[in-house]
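**Q** Have a look at this one before I ask anything.
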Amino acid sequence: MADPSSCCYSCATCLLCLYSCQWFTTKKEKRKGLRTTKCDCSWFLFLFCVFLFTMVWLYFAIIILNDFHNFNEFIFKQRKLWLDWSLVLLIATAMLITYSAVLLVLALCLQLCGQPLKLHWLHKTLLILTALVVAAAFTGLGIKWAEEWRSARISLQATGPFLHIGIVGGMTLLAWPLASFIYRTHNTGLKVFLLLVYCAVMIALYLSPLGITSPCIMEENQLPPKPALAGHRGAPMLAPENTLMSLHKAVDCDVQVFETDVMVSADGFPFLMHDEELTRTTNVQAVFPERAALNSTAFNWTDLQQLDAGSWFLERRPFPTVQSLSAGDRYQATKQRIPSLEQALEAAKQSNISIMFDLRPENHSDYQSFVNATLEVIFQSGIPLQQVLWLPDGFREQVKQQAPGIQQVYGRKRLQNEKEPLLHVNLPYQDMSSEEIRQYRQDNISVNLYVVNEPWLFSVLWCSGVSSVTTNACQLLKEMKHPIWLLPSSTYLMVWIVVDCASFLTILWAFLLLK
């Protein structure tokens with residue numbers, strides 16, 4: 001290796017100590033003739049790949065935060081343990097990426113200082129473990145939560161232009177240690193290979209904007225109206241879900257629709273509840289411990305009214321926003337009870353918002369009586385039928401005949417040669433592309449997508465022209481007056497050219513300066 005004349009000896013020695021876990025001095029190094037071997041280069045390449053692997057996982061971890069509350073609910077259903085697992089995910093990911101990033105920076109600094117890349121066996125073991133942990137995380141994601149791969153594809157519409165700039169910048173900085181290594185090594189074949197790979201990657205990056213598409217690359221005057229908001233079980237970040245408090249908080253967030261779930265008690269009273277069991281959102285284990293595992297529909301209305309449907313919200317803190325609630329809101333939350341559908345309809349009527357609901361469980365043997373009981377309550381409430389959005393597929397034709405004024409919302413896409421055209425669809429946001437959303441909008445079909453919590457996702461759907469979104473974060477999306485970013489195509493083209501040209505000139509400068 002060349003003498004590290006431009007580097008401070010003590011600094012180089014310290015870097016070697018951290019990277020190799022051994023204390024070298026420059027004189028000893030010269031005597032022993034330590035050099036970076038092919039095996040050392042292979043480990044550096046492995047380190048670089050692990051760093052990229054963890055960076056990709058960090059990106060996925062940030063993207064899936066939009067849906068992580070579903071994961072928390074799933075774990076509670078399986079283990080009866082509530083924890084905000086997103087914190088565990090982010091802390092673990094931060095530790096892995098910090099470790100690999102520090103090692104990579106040490107290796108690049110050692111290369112610039114002309115020192116050998118002797119990675120210690122402990123670091124090698126930890127890097128292998130890091131790669132295995134991240135691989136296991138991706139495998140688990142693919143098996144148990146496959147729809148998040150579609151979420152990642154959608155996210156590229158929001159982040160693609162910025163990822164391009166960031167990756168080009170990172171690869172441009174890599175030109176300095178690469179040039180230093182190429183000028184120091186005597187292996188011609190390795191030089192040619194590294195240059196070819198680097199040039200191929202940079203050319204691909206320079207041309208990648210040709211494949212980047214985003215609905216937010218448009219002129220300002222082409223931006224569709226802001227999507228309406230539907231409160232998912234009300235405003236669950238501000239109040240216990242599926243309670244009257246949650247409904248009123250959603251109204252304060254200017255939602256146009258209160259989205260909820262309806263079940264029917266053993267004595268025929270429709271009430272609001274999402275889970276098949278009452279354990280997550282009530283104190284049923286304390287009041288009826290021997291019946292806690294029963295289905296929600298097994299309880300009569302008198303029993304349900306004895307349950308506290310709000311204190312769990314303060315104890316488990318399903319969202320970080322619970323910590324910022326006022327004393328008045330905390331007190332109000334402890335007084336919440338399971339509301340009947342009649343109470344919810346009355347509140348929706350007074351607030352002049354629509355109510356959209358599922359009727360659960362659809363596989364119940366007495367489901368037709370559930371439908372009849374629900375329709376009876378709707379008729380008795382006096383709410384205008386056009387404010388009721390009906391989601392259940394079971395006995396839909398019967399509902400159309402008995403209550404033709406109720407708006408029918410379908411949980412599927414339209415079919416070819418549909419006899420009766422759909423007017424409203426309600427789908428997961430992963431199930432519709434931007435092109436499909438635009439087409440439905442042109443055909444006057446209202447599209448509601450769920451569950452949309454993050455501003456980046458709301459921005460993409462806004463630019464696509466979606467009619468409305470169901471959200472847990474109505475208080476956050478309410479404040480958005482504009483998509484996070486909106487870029488005219490001409491401006492994007494100019495940015496692309498400037499970034500690529502600046503990168504090319506910097507790389508050229510690095511190779512000429514270090515020659």
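Positions of Cβ are set from backbone N, Cα and C atoms, glycine also.
In case it's useful when we look at the structure, here is the feature table from TrEMBL:
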DOMAIN    227-481  domain 'GP-PDE'
TRANSMEM  41-65  transmembrane segment
TRANSMEM  85-113  transmembrane segment
TRANSMEM  125-143  transmembrane segment
TRANSMEM  163-183  transmembrane segment
TRANSMEM  192-212  transmembrane segment
TRANSMEM  493-514  transmembrane segment
**Q** Does the transmembrane segment (41-65) reach the transmembrane segment (125-143) with at least 3 CB pairs under 8 A, where each pair is 6 or more residues apart?
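**A** Contact criterion met.
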**Q** Counting Cβ pairs closer than 8 Å, which of 85-113, 125-143, 163-183, 192-212 has the most of them with the transmembrane segment (493-514)?
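**A** Stretch with maximum Cβ contacts: 163-183.
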**Q** Same-chain Cβ contacts of the transmembrane segment (125-143) under 8 Å, 6 or more residues past its ends?
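**A** Apart from its flanks, the transmembrane segment (125-143) reaches 46-47, 49-50, 53-54, 57, 60, 64, 92, 96, 99-100, 103, 149.
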